[in-house]
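Student: Supplied in structure tokens, the structure appears directly below.
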């Protein structure tokens, strides 16, 4: 079965890194053969909001954030991998592999 | 940065669409629950030869099952009454997060109470959402007082502004549209009955329970009690054409509807059969500019045809369980069928294929959707 | 129709500079001339502040520094390429040749900010990165970042 992840990206200014991290995660996930949905929490608001259904489906959550995650109560009880927003920009595939490992451990 | 204005419009359109789709996706389960509850009651009642199971007289029936069916119909109605509060709440939620729910749901309730229809509910959700967004984005409080914003200022001020705008800015014109149209329609009685039927049908199809629809339906009812049957016949034909036509469209070409609307299509068919025009509402909310003309044209022609061929419905009943009681019911059904097919055909003609359209846009602006919702769910 | 995100008046190609500070100074001066930034020093301070929170060198010779400040009157992007790669302390430790300096106002309508976000997102695209390396004039640059609008 295809593996599924969700992620939140957010940076301090909320204009650049949030969206670069989003694109990086999607690109990385494609290479890894993983399905990912990424919610961006930027200066212009929340993009591609994750639904409770998405949270149920995903094996783990990646927080690629430099600021507080908005509405984080949605992810209570989920496996969360917390990294800096620049981590996926640097090496998204590694972040995704780490998230999958986290899910495997359980 | 030239040309930004065009970009702005496109962005706003896309944003609005997203908010509205969120609202619709939260509303659809309620529509389905309500539709099935009502279908159970009305289909069940038809075995007893009852075509008005919602009437309070059945609540005192000696037959336990009939009593239950009456109660169950009430449950269905209650669920459908929540459509407007819920869609309004979640359009608002999509725009402004949690803070949008209270003003949105209360605004939707007001819309439901004053029969402002789905256009009212759409307006209510947008007003509530953007009001709350405006409040949360622009009110800056000192750290110590910050907590009052979400728990007091946003719900109270947001709700007040939303209700005020709906009641007075939207409500007043809607109410005058309603009374104006009702008076106009009454004045038309006695003119060409086919033309009148087309007008009534078109009005009923226009806003599915909103002010225009209500003007036509209540006038038709009033005339019914004084023994004028044609407007009622027209109205009853027109009530079921939009939900049947749109439901049929989702079955004929699934690819023109997203997952949510495909579900809504089944519910819509059921609701059409049991005589509830609200089944068409998810579609009308999603793309009013395409759905309203299709509904108006289909309902007008269907009604005109039924009345013109001489069908007469003596009762304010539009569901299938009342069809055979109609005088010249075969002509009546021809009217329904033709109207339905027109709505289906126009809808399919006006809509683009969903996934294709999505891909074309997404590929440029957003490479996010490299998998479909079905793959995600599986 | 076509929307150009990059304004040719805010582009400097083949800049002869040797440090990060110099590039930012050059581009900030452009902003100041065009009235996009009303106080150059304050804007540069905001950019440096952001830089000290973590590098904006995103790898592959690209950096996307940005400053959010009340002295910014409207959202914009200024672009520079340098004659020689300069050190930026980037995520991949490679020197930087292409700089996209964003000006972010404290308050802005979302549309302009979304354009900047979109631009940032596109920079993650391998295709775009390849094209960027072949840029020789402003027109090439404009072409990479224009988007089609129906």
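Glycine too: its Cβ is placed from the backbone N, Cα and C atoms.
So TrEMBL lists the following for this protein:
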type     : residues  : note
COMPBIAS : B:360-378 : compositional bias 'Acidic residues'
DOMAIN   : B:16-350  : domain 'PTS EIIC type-2'
REGION   : B:358-378 : region 'Disordered'
TRANSMEM : B:20-40   : transmembrane segment
TRANSMEM : B:74-93   : transmembrane segment
TRANSMEM : B:105-132 : transmembrane segment
TRANSMEM : B:152-174 : transmembrane segment
TRANSMEM : B:194-213 : transmembrane segment
TRANSMEM : B:233-252 : transmembrane segment
TRANSMEM : B:329-350 : transmembrane segment
Student: Could you check whether the transmembrane segment (B:105-132) and the transmembrane segment (B:194-213) come into contact, where contact means at least 3 Cβ pairs under 8 Å with the two residues of each pair 6 or more apart in sequence?
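Tutor: With 3 or more qualifying Cβ pairs, these stretches touch.
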Student: Counting only residues 6+ away from its ends, which parts of the chain sit with a Cβ under 8 Å from the transmembrane segment (B:74-93)?
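Tutor: That would be 19-20, 22-27, 30-31, 33-41, 54, 100-101, 103-109, 111-112, 118, 120-122, 124-126, 128-129, 132, 276, 278, 281, 285.
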Student: Below 8 angstroms Cβ to Cβ, which residues of this chain, lying six or more residues outside the transmembrane segment (B:20-40), approach it?
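Tutor: Distant contacts of the transmembrane segment (B:20-40): 69, 72-73, 75-80, 82-83, 86-94, 122, 125, 258, 260-261, 263-264, 266-268, 270-271, 273-274, 276, 278-279, 281-282, 285-286.
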